[in-house]
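Novice: Among the features that Swiss-Prot reports, substrate binding site is placed at 27, 28, 29, 30, 31, 46, 76, 152, 207, 320. The site 'Transition state stabilizer' feature in Swiss-Prot is assigned to 76; the stated evidence is sequence analysis.
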């Protein structure tokens, strides 16, 4: 018997009218869920992601518990980097730490290429397992964008100001563009493999791109992003772009061959459209609001939904990932509220 897939999210990605506003949450898989925390007591992040059955379980939990309209693959943006020769470790309380940071053109040239079926088969097996057997909503694949990946590779880990990254970009443009090319090619291969394995849509996360101004984005970063989205466009899956603190770059993304622009809470949906954003929009509740009393959450969410519904092509989400101390019951209640409130409009 063929399973019926709820395609509300996909139709919103394409700018179509929907019966209600679809919703999913960045970092919905993990972090705030007690079942996930129990797993993390036994396994590291990479140990979970290397086991398709465990990874599929974590991915589908929020669909079953919250009733969201899309699942997002449980992985880390660092997942493909070891395949090209980056020695990365996820340290608790710190984040990704790179043992061999990039310092020169020679360091860039030593990076290899990814063969997804050979290097990350567990990613593709997780996708196949989910779409063939377990999900009745679309599965979103994802990857980190070149700037954010490069920032970890150059800084050696998380950074507050990305000064090493930007200094490298300004002082070593030949090496910088070579690195962008390497990471763009890796991203294209990695994401195409996810789509071909069954992912219905893809989100590219540029978590730290808000650190650069629009002129530098156009010069040093946008060419790689244009290459990535043009190549992924061939696969036919909706493409989503998201960056944190990057409202000043939304008009740059609007020029790219993608379908959805994810906004954080710093730019309202109405203002984004006033500035000429013509893509479908995703966002943009400040995740900190989810720690407030329900009446505050409801008031803020209504305001966002009312703006989002002014035009077709809107998906509710947060402006960044869920905080670990958000209660699962709050997310379940929020999802039901969004569905009920928007289905009567």
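Every residue, even glycine, has its Cβ placed from backbone N, Cα and C.
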Novice: How many angstrom lie between the most widely spaced Cα atoms of the substrate binders 27, 28, 29, 30, 31, 46, 76, 152, 207, 320?
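Specialist: Per the listed residues, the maximum Cα distance equals 23 Å.
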Novice: Going by DSSP, give the three-state secondary structure for residue 76 (substrate binding site).
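Specialist: Once the DSSP labels are grouped into three classes, residue 76 (substrate binding site) ends up as coil.
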Novice: Residue 29 (substrate binding site) has how many other Cβ neighbours within 10 Å of its own Cβ?
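Specialist: Summing over all protein chains shown, residue 29 (substrate binding site) has 24 other Cβ atoms within 10 Å.
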Novice: Just to verify: the residue among 27, 31 with the fewest other Cβ atoms within 10 Å, which of the binding-site residues is it?
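Specialist: Least crowded of the binding-site residues 27, 31, by Cβ count within 10 Å, is 31.
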Novice: Counting only residues 6+ apart in the same chain, whose Cβ is under 8 Å from the Cβ of residue 76 (substrate binding site)?
Specialist: 45, 46, 49, 90, 96
Novice: What are the sequence-distant neighbours of residue 207 (substrate binding site), meaning same chain, six or more residues apart, C-beta distance under 8 angstroms?
Specialist: 77, 144, 148, 243, 244
